[in-house]
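Contents: one structure, followed by commentary.
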Amino acid sequence: MKGDQDTKEISPDLGKDVQIQADIPNGERGSALPTHLYKRRWVIVFLFSAYSLSNAYQWIQYGIISNIIMKFYNVDGFVVDWLSMIYMLAYIPFIFPVTWLLEKYGLRCTALVANALNCAGTWIKVASARPDLFWVTLLGQSASALAQVFILGIPSNLASVWFGANEVSTACSIGVFGNQLGVAIGFLVPPMLVPNVKDVDELANHIRFMFYISAGVATFIFVLVVIVFQERPEIPPTQSQAQTRISRSTDYSYMASIWRLLCNKAFMLLVIGYGLNVGSFYAISTLLNRMIIDRYPGEELNAGRIGLTIVIAGMAGSLICGLWLDKTKTYKQTTLVVYIFSLVGMLVYTFTLNLGHLWVVFITAGVLGFFMTGYLPLGFEFAVELTFPESEGTSSGLLNCSAQIFGIVFTIVQGKIIDKWGTLTGNVFLCIFLLIGTVITGFIKSDLRRQKANQQAEVQRVSVMATDVQEGILKERKF
């Protein structure tokens, strides 16, 4: 890269001295770059959370009433599962062009495209509330799925671009919070709006009303994004972000960045571990209605409420983990502990689901959700630390790509296992892969590059201040 490179040894407590580099132009050597926090950063992150909520709601709105959708459109369960899995499938081929677009044109462009697609998808689905128009509802869901590609990897990027060093994990958690809240509403609202009635015309009216609500909310948020959403602050919030702006404005190469990420062993271990954990969550969310109805017939509303419990508990977990990371910076330790408890929660949920007591399922599902969903922002932020100064959008995109691949595989395989051997065997299948993910997470080397960059900049600032004081004392002595 252009300009000189300062190298300093930081954090010997990580096991050995680590060399980090900070790209600073010749004119800025020896002085800290200007930074500033803007109040509007909170408006930006909550607006992002709002449109992420709208999109995430649509992901699960079919799956949680899958038995009703099967009856209305006269399709089998596997076809209905694809209304959820299309979100995962669309992500895989489009994530790389979308992250390139993010790097090339920035946050505002991706926000506008995401909301345009999301809004279009909701209105297409309004026209699909007829038994012979399943292909139209699939088309609308496909548009919403494509919008998700422009949304899912944004939280860590937005947090780094807008927030201070002691806020980034909390801000990332708020960004993920919106997605989780959308899933929670997706679990709760469709069973309330679409009761399992026999009359097809009445059922069509209920489904159409559900689609109209989605479309109205998506349109309102789209208008807000057009008016309010801003690309980035005029002055960067942190030293690491200031350095990133300089380095990426010189000789940044998207393909070279991808290659460096693929060669980063610690990050690739995280990619696999993240994919196993979040892919399991996707499978559980997609198949939850089938799991509950299989053991507790006629409990569609409670199936939705159990899903709501999983996500609400996960939202609390996300925020607590984000605050904890901002306070302690213990990325590796926190990620590993949360992963272990995700495995424990899945084991408890698996072996209590068949006891015949729904209140037990609510409790165990809440514990599972607290840790499994709470893991989402941890993975994003740990990835940014391991890969700095690479693009947050690119690293998050690779994490999510892994999650979508495992999500599709787990959903298909677990669905087939449930059909043939039952829910217990299907859940044990996921427990095995969560155990593998826990072991993989334990082997990740904690190399917190972003923290080191901020530390080095602070050391430089203090050194400059000390030099200025010494020069002032010498001048006073001369007089």
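Glycine too: its Cβ is placed from the backbone N, Cα and C atoms.
The following features are taken from TrEMBL:
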type	residues	note
TRANSMEM	42-62	transmembrane segment
DOMAIN	43-449	domain 'Major facilitator superfamily (MFS) profile'
TRANSMEM	82-102	transmembrane segment
TRANSMEM	109-127	transmembrane segment
TRANSMEM	133-156	transmembrane segment
TRANSMEM	168-189	transmembrane segment
TRANSMEM	209-229	transmembrane segment
TRANSMEM	266-284	transmembrane segment
TRANSMEM	304-324	transmembrane segment
TRANSMEM	336-352	transmembrane segment
TRANSMEM	358-378	transmembrane segment
TRANSMEM	398-418	transmembrane segment
TRANSMEM	424-444	transmembrane segment
Q) Ranking 82-102, 266-284, 304-324, 424-444 by Cβ pairs under 8 Å to the transmembrane segment (398-418), which is first? A) 266-284
(Q) At a Cβ cut-off of 8 Å, and with pairs 6 or more apart in sequence only, do we get at least 3 pairs between the transmembrane segment (358-378) and the transmembrane segment (168-189), yes or no? (A) yes
Q.
Looking at the domain 'Major facilitator superfamily (MFS) profile' (43-449) alone, can you tell me the average pLDDT?
A. 87
